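Taken straight from TrEMBL:
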TRANSMEM  A:6-26  transmembrane segment
TRANSMEM  A:38-58  transmembrane segment
TRANSMEM  A:64-87  transmembrane segment
TRANSMEM  A:94-112  transmembrane segment
TRANSMEM  A:132-158  transmembrane segment
TRANSMEM  A:188-207  transmembrane segment
TRANSMEM  A:268-286  transmembrane segment
Amino acid sequence: MELFDILVSATFWAAVLRIASPLIFATMGELICERAGVLNLGIEGIMVAGAFAGWIAVYAGLPLWGGVAVAFGAGVAFGLLHGLLTVPLGLSQHVAGIGITMLATAATYFAYRVALPEVSSPPKITAFQPTGWAVLGSQTVLTWAALATVAVTGWVLWRTPLGLALRAAGENPAAVEAQGLPVHALRMGAVAVGSGLMAVGGSFLTLSAFNSFFFEMVNGRGWVCIALVVFGAWRPGRALLGALLFAGFDAFQIRLQQTSLGAGLPYQLFLAMPYLLSVLALVVMSRRTEVPAALMTPYNKGER
Amino acid sequence: MANLFLNRRQLLSRTAGAAALAGIAPGLLHAQGAPIKVAAVYTVPVEQQWVGRIHIAAEAAQARGDIDYSFSENVSNADYTRVLREYAEGGAQLIIGEAFAVEQEAREVAAEYPEIGFLMGSSFPPDEALENFAVFDNYIQDASFLTGIIAAAMSQTGNIGMVGGFPIPEVNRLMNAFMAGARAYNPDTEFQVAFIGSWFDPPKAKETAFAMIENGSDMLYAERFGVHDAAKERGVLAIGNVIDTQADYPETVVASALWHFEPTLDAAIAAAKAQEFKAADYGVYSFMEHGGCSLAPLGTFEGKLPAEAAAMVQDYMEKILAGTYTVEIDNSEPSA
């Protein structure tokens, strides 16, 4: 039974974690933004910028964790721009987000050309190596950081006053205001930190999954994370499950292609499988979810 | 072993000789007169392998003083015809590009500028009615066939993994030629074939390659970036495609099938200078007999090839160059 063999092999589960890691970072980033009431469609572009920023920083001589920090910083910068447009200025979050994606993508390409005007192929760095720890040694330390991010996000959002205030800013900003807390600052902060996490997710691709930067390598992963937030019903644990499920479908289809079943079916069907199954799971999972009530609603002090 | 594989200079000089003898283009390498203005429009950065080969050839021609070269990279398909028109209005005499995703639109632009030569990468044949629109592509099946022999000879398990971007003719015929070469050496060779549905997703290509290695492959055909890295990480071997990647992976890449755009470009420049540029398929200039492709030097794997395989490669190369053996051009989607 080939299908069963795939599912019980340790290498399959190692692949699931590898594929899921960038998605986990970026999904947590998007979840934080949306919990505070701001949809961030800049995610795809911010991931591109993060992938580039982390990689070029390491190439310039910084240590790997320095690269992660630079990527986070680049994400925060774009996050602040998105926050400025959507929170105090109250512009359409869809339009601003798409604009951020286009801006971040184009700015990344520009920076790439300025930094490396004459290259035959993008230079390689020494990426994070598998830790070699017992049992789960085939993962890099950045994968564990991704899992830790989920725990920290969950803890902050549900176990701290800050988390309560952030979630309230996404549910009922007027109540937050009545408590004397600054709605705009909370939302801006959430978008900045969330965007930073998205950029770290992008940098996973260049600092761990691969060791070089290619322009189109994010390849729609950001959009997947938008769906994963919905799948996870805006809860970190369930979003993690969604990311693992998506990655699982992906790792599974790659292996399935090489079985006798794969020989008979067009490869496009397999490539579409993680998306199709995720849509299906989305339908099943999100039937009774509660969307943050003030998501995509700008808040202006004193306005009724 | 030293003279087993021709280096590029030898190939080019042979090409020049062959071309002069055949009288295909008398001025092929010594085009006369002032440099002509050549513009190139690429849909991807010039780091990409395929486009990179064109870029290198054009820069060489500019260094020789044959052309004035300008280019735009990373032009989206939606913008493509606008950029083509800009160069056409700007006085370019020969425009090079890739029409794969904009076949009809590019041809429409060419029709508007009949005095300008368009040399476009294309999956379709030239159209006699559109006299200034010639097509080319990387027809390097000859070199791919030879790398297939080497791959089969170096594989212990007889299981070769192949990771491609999309199954389009450009990719398929090289994969098919590679598989034919591998089967010529070992008819029992097994293949794992997968497409990742993207040109630039090295992490995904790497994941796919990992899965193939776990499934028994000890030799990978690297059509995409990322496959070499998987091979290196797991200590298996790989074959390069279009560019020579051995310098970055000295213990991994056994051989590469190289594409040389120079013969294609030089023929087009000569034709444009002689005012004789017309609708033609320049694909043949990528054949080995024209110096359009070659086997990269074995380098770090020099002497590690079984003698039988080395003799076979040499034998087929001579036959291909002499025209007594033709590698089949098979554009259909390869399957395992």
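Note: Cβ is positioned from N, Cα and C throughout, glycine not excepted.
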Positions on the same chain near the transmembrane segment (A:64-87), where near means CB under 8 A and six or more residues out: 29, 33, 38, 40, 42, 45-46, 49-55, 57-58, 93, 96-97, 99-100, 103-104, 126-128, 142, 184, 187-188, 191-200, 202-203, 207, 298-299
Stretch in A:38-58, A:94-112, A:132-158, A:188-207, A:268-286 most in contact with the transmembrane segment (A:6-26), if contact is a CB pair under 8 A: A:132-158
Of A:94-112, A:188-207, A:268-286, whichever stretch has the most CB pairs under 8 A to the transmembrane segment (A:38-58): A:188-207
Beyond the flanks of the transmembrane segment (A:132-158) by at least 6 residues, Cβ under 8 Å: 11, 14, 17-18, 20-22, 24-25, 28, 31-32, 35, 68, 166-167, 197, 201, 204, 207-208, 235-237, 239-240
Positions whose Cβ lies under 8 angstroms from the transmembrane segment (A:94-112), at least six residues beyond its ends: 39-46, 48-49, 52, 56, 78, 81-82, 85-86, 213, 215, 222, 296
For the transmembrane segment (A:268-286), sequence-distant contacts whose Cβ falls under 8 Å of one of its Cβ atoms, 6 or more beyond its ends: 224, 227-228, 230-231, 233, 238, 242, 245-247, 249-250, 252-254, 256-257, 262
